[in-house]
Every structure is written in structure tokens, then in C-alpha cells.
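Enquirer: One structure is given below, represented as C-alpha cells, and several questions about it will come after.
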Amino acid sequence: MAETLEFNDVYQEVKGSMNDGRLRLSRQGIIFKNSKTGKVDNIQAGELTEGIWRRVALGHGLKLLTKNGHVYKYDGFRESEFEKLSDFFKTHYRLELMEKDLCVKGWNWGTVKFGGQLLSFDIGDQPVFEIPLSNVSQCTTGKNEVTLEFHQNDDAEVSLMEVRFYVPPTQEDGVDPVEAFAQNVLSKADVIQATGDAICIFRELQCLTPRGRYDIRIYPTFLHLHGKTFDYKIPYTTVLRLFLLPHKDQRQMFFVISLDPPIKQGQTRYHFLILLFSKDEDISLTLNMNEEEVEKRFEGRLTKNMSGSLYEMVSRVMKALVNRKITVPGNFQGHSGAQCITCSYKASSGLLYPLERGFIYVHKPPVHIRFDEISFVNFARGTTTTRSFDFEIETKQGTQYTFSSIEREEYGKLFDFVNAKKLNIKNRGLKEGMNPSYDEYADSDEDQHDAYLERMKEEGKIREENANDSSDDSGEETDESFNPGEEEEDVAEEFDSNASASSSSNEGDSDRDEKKRKQLKKAKMAKDRKSRKKPVEVKKGKDPNAPKRPMSAYMLWLNASREKIKSDHPGISITDLSKKAGEIWKGMSKEKKEEWDRKAEDARRDYEKAMKEYEGGRGESSKRDKSKKKKKVKVKMEKKSTPSRGSSSKSSSRQLSESFKSKEFVSSDESSSGENKSKKKRRRSEDSEEEELASTPPSSEDSASGSDE
């Protein structure tokens, strides 16, 4: 029999909202941790009195009752898990896990039973529904009716607002059944009633959220905040955590109360109550209870008369009444010696406190992030200056928190803290051109060499040079853009010949022509520069004929065992299947693993053998391809050399430039001299001669020499 049982997909109903978590059963007791709030239910094995197994909306549920009357319900179990749980209860808790079905007749009359903190509506011996009395916020009575109102949960999509019970009159004298019903409810209900005197009162305390000054009245079951505009009654059961945080100036203290559900002010919800105290402010406090009551209720944690700093008195009283530990900063110490880091979150500046189990930011808006919620953290270079950096936190739910404008000197301390807590660090520094190395960044000075800054300067110089080249009117080209075989040389000769040939008596026309030539030349140069860019190298695809790589021993075993794992765990997801397979593989003996290691070794040998055969065949084919390419190159060289023998390179370039000449360079001036006409005739005669030379086939000698090659 296993010493522990663990269930990951278990749900707990909290005021109409189903919260998932992990349930762990051990010899010592039962522990449930809420994944959303982090709240832990710890039930000692000796306190359990009864365990009930029943069918519920989410499969099957487990109901646990304790000696002090508390009831715990957990849903989401499979029917097949009953035997495993039943045996565990018998072995370790000496309890019989009973099966008990709910009544589904649909009747609306029955018997009401009060047991512990539950109101159970039964038909016969079967319960129809149960109401946790701790969820009741108000109980009112009518003539023959009792109305129950409930605390609301903001996370619940549908909430139960109220339930009305009709209580028929009885013949007994002196007993009012309606009043008796109401008293049974009120004795266990979480009804906030400011009856009696407060235990103590703190006057005019400064509250940051919700903002204002409030009188805080401490009652046995709730906290009453009384301000000029608003009043809040906060049950101690809604307090999740308490924090006592020193301000960076060492003269003030924050006292933070985490609430779930939050208090409301109109449409605004406050999940945190933040009080600000001065360290120099002292107070003498007297509790409104006699010494015996104080000793019996608080067991030495409080005394009737106390004195000290105001923040110490408030935190001490709250700790005793809420019965929760106060979280303080751990051993983290920043560059300035403070236990916090100055930063900005969203639009406001505040303080980030690295704690032993999480981070908390105060104060606007306050944020608390537990380590078990964090997926990874990231150190990013600040966008405006290198004197600061950003600290990013992404949770497992995908929520991202960015704390910006953190001083560079804090980097080393924060990095060491994150490393010590073993949080995943995912840097984006390489994407932003920043070297993510801790030592270089933490110890850098303003005068020290910054590789990122130097690279940005070099890129800026290159862009400026490119811009100057494109706007340069001299027409000079760099060595990189000079290619004799391309048609840019033809364009230059076309411009040169036209510049010397077109002589007009009108200076204005010549200036306009010159501007048009420059514009066309710029466009042509830019186009050629784009066309001469290096082609993008296409990644070679994998050869489909190549032999596949051999699988590892684990992968061979997983492929063979996948169906068996699915049959043993029906409905298991792919992620859970992989985790389960990893656990099984780790637990396997060496003898079983050796069998799969041998199979993996055989597969590796087969792969090496196939790879040698494949590479040998590929080498022969590559040699044939190279010989074919050489033949093609020779044929191309012969074709290129043939027309160059008929005319000079200059005449051929002139012929190409004339054939592509635009209208902008054709002189249409009526006052041009006769020299232009004679030059045009000469050009036409030269063009006709070049066409004849180009049309004549190569001589027999040329063809013979080409064949010899």
C-alpha cells in the first residue's frame, strides 16, 4: 500500500466558484492547496470522524467531517478511484469510506437538519442539498418564513442570492419554530453584526487603498473601517495574508492586508488594504476585555494593556485575531541597503519587495505574485536609457507584469536573488542587441566599452553613407557596385555622348535637360543597386531518400508502451501522458532499460551502415553533376566570345544605349545647327553597319576553334 496518494485535478466549491487544486493524502493527514489563491487546507488524521463518497456534478466527490464540526468537500474524482481511496482510509485513518447518494426526486418539501456548520435538507434518509452556514450573510424571519442571504463571490458566473424556507406552525405552546430555525442558522452563520463593544479602536489611520483616513474598530469576528464617506466591514475569514513592509526611507512602514473576496467602492474592487504608519508614532492600547478573557482567547499573544509603536500594535492585534502569520521581507538587500527596489509599474512609481516566497509591489496598484505562479522572469534593457532596466514576470496563466525604470546598480542583487530562488530566467537581450551576461551588465561604467552602442553607431554610419551615395550628383560608384558586364556602363556612355552632342543656344533648356538626366541617373543607380543585392540563400531541404536518425531507448520504449498507458489512464491528455511516461521510465529497473538500450544500439548501427551507403551513392552523383556544369560553362563562353569579334565594346554599348534612349534626350529644338543633323546621319549609318556585323554568322575558323575547345 502506498504511503501517499496525490490527485492533481481536484475542485473545491467556494461560494459558487469551482477552484482547482491539488489534494494529497498521507499517513499524517490530508492537505489541499488552492491553485488560484494558494490557500491550504490541512486536516490532521486524528481530527477526521467521517468520510463520504457520492456522485456530484463533476464526477464523484469526497466529503470529510472533523471533530470540531468543519466540513470539507472535494470534487472531480473518477469512479475507478473509489477502491484506492477506500483502502487508504481503512489502512491509515481507520475509517470506512461510505457511499451515499443524493436524492433526485425533485420534491420541495422535507426535513431540515443542522449538523456542525451545515444545513441539510433531507427527504427520508437522503439529502437533497446542503448549505454551508458560514456562507450565510443575513437571516431574516417573516410570519412563517425564514430567508437566508449569502455572501457573493466575484469569480462565480452564477451566484445564489437567497433561499426561502416555509416553516409550518406547530401545536406546541411556547416554542416558535420560525425563531428556532433562525437561531440555529445565526449560531453558525457568518453574519456581520456590530453588536456589543469593539475590542479596541485605532483612530484616524492613514489608508492608501482605499484612500483616506479611517477609524478601525476591531471586533471579535470582523474589522470595521469607518471613514467620512464609506464604511467597510471585513470578516476575518476573507483575510488571506498579512504583510509588514519597511519603506525605503526607513521612516515609514506599510501594513498590507490581502483580501478575498475584495471590498468594493462602487465599481472599484480593492484586493489589498494598505495602511501607512510612521515609525516614530507610539500608542498605549487597552483592550475592552478583562484579563481572564484575554488570556483564554488569545493564549498570551495579547495582553490587556500594551504600548509601543502604532504599526506594531496594529499588526500584533491583527495577527492574533486573524490567526495568520505576518510576512516580512527576507534576506534580500538592494544596492542602497534597503529591502526593496524603486521601480515603476504601469503609470505609477512604487516599491517592489522580493520576499521569501514571492514578490509584492506597493502601492498603486498593489500586486502580489507567488513564486509557484511564475512561469519565468526576464531582465530587459530599458528602452530610453542604459542607466536602467526592466524586470518582467510572466505567470503560468500568461499574465505579464513589467516593472520598469529599475536602477542599473540593482541588477546584480536582483539577479542573485532570482538565481537563488531557482526561478526560470528568459532573457530577450539578444533580440534587442544587449549582451545578457550578468557580470558585464552589473559592473559596467559609463566610460566602459558598450558593444551594443558601438554597433548601433556603425549601422548609422553605413545608412548615412548609403544616403550620401544615392544623393551624390557626381555619378561616382563604389567598388562593390562596379560590374563591367552590366548595363550601367552603357547608361554612363549614353549620358556622356548626349552631353557632348547636344549643344543648344538656349541655356535654360540645357539646364532643364541636365536636371532630368541627373534624376534619371539617380533612379537607374538605385534600381541597379537593388538588383545587385545578394540573393537570399534558400535553405536546402532534407533529402527524402536519406536514412532516418535512430530513436533513443526511451523513445523506442514510449512508442511501444503508449497504448498501454492510455488504456491504464483513460482520458489522459498528451501532456499528462508524457509526464506519466517519464515517471514510469525513471522507476524502471536497470535490467528492463538494458533491453531497450540494446535495441537503440542496434538501430544506431543500422543507421550508420545505411548512412555510409547513402553518402557513397550521393558522392558519385555529385561528380556527374559537376562535369555537366563544366560543359555548360564552356558552351556559354563560346557564345559570348562570338559577337565581340565583330565590333568593339564601345560601339556595342553605344548601340544598346541608343536603342533604349528616352524622349527626354531627343533634341526637338528648331534652332539647332546643321552639325546635329549630320551627326544623326552618321549615327544611323554606324547603326546599320553594326546591325550587318551582328547578323553575319561566325566564320568557319571561329566555329572550328570553338569545337576544338
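The backbone N, Cα and C atoms fix where each Cβ goes, and this holds for glycine too.
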Enquirer: Of the residues SER644, SER673, SER685, give the one that Swiss-Prot describes as phosphoserine.
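Expert: Checking Swiss-Prot against SER644, SER673, SER685, the phosphoserine entry points to SER673.
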Enquirer: Which candidate in LYS105, LYS279, LYS413, LYS421 appears in Swiss-Prot with the annotation N6-acetyllysine?
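Expert: LYS413, according to Swiss-Prot.
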Enquirer: Mean pLDDT over the DNA-binding region (547-615): what is the value?
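Expert: Reported value for the DNA-binding region (547-615) is a mean pLDDT of 86.
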Enquirer: Counting by DSSP secondary structure, give me helix, strand and coil numbers for the DNA-binding region (547-615).
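Expert: So the DNA-binding region (547-615) is made up of 56 helix, 0 strand, 13 coil.
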